[in-house]
């Protein structure tokens, strides 16, 4: 029976343990709930500090009216960051490498920012379609260009996250395959490629966290224009 390379990700169990149970337990272990004690442990303290720090950074450039989005943006950041980091584990599938999922997250949130602007301050929101000081003959062209750029925003959010994560996973796959193949033929070269693989994995951990932050940061900037 011939199996494709991607069939290894379709396994329903690993070492006799259902993968659905592991998939449910790992996020629960990463984000423990606080308990009623005078002093929290180090993990909960770090978790609370990280969430508070991230929320402050996201809400810093926004006015008071946009602070009600703090919970949504912070939850989205933690959700994307968790999926990106878990996707770096061997033999795991990364949902955020799928454009359909990223677009399903980006389009509704982008549309919500646009609708809020059109409802609360339509004149200010429509003013973004025409830069100040535009010559009269260029007004129709610039309005069309700005409208197209407005509708491209959610596509750019989804494609950016998908492309960066997919490229990193492909590089890790290629270098790890080369390391495994050359291990018995050229051990010295295999050692060098393994070092490159370790450095690339560290880089991909940083990319996984940065790309989640960039997507949420851009959403907060879009929100700033309409609130």
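Keep in mind that glycine also has a Cβ here, set from the backbone N, Cα and C atoms.
Copied from Swiss-Prot, the annotated features are:
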TRANSMEM  14-34  transmembrane segment
TRANSMEM  69-89  transmembrane segment
TRANSMEM  98-118  transmembrane segment
TRANSMEM  139-159  transmembrane segment
TRANSMEM  165-185  transmembrane segment
TRANSMEM  189-209  transmembrane segment
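Among the listed stretches 69-89, 98-118, 139-159, the one sharing the most Cβ pairs under 8 Å with the transmembrane segment (189-209) is 69-89. Remote same-chain partners of the transmembrane segment (139-159), defined as residues 6 or more beyond its termini with a Cβ less than 8 Å from a stretch Cβ, comprise 99, 102-103, 105-107, 110-111, 114, 128-131, 215, 218-219, 222.
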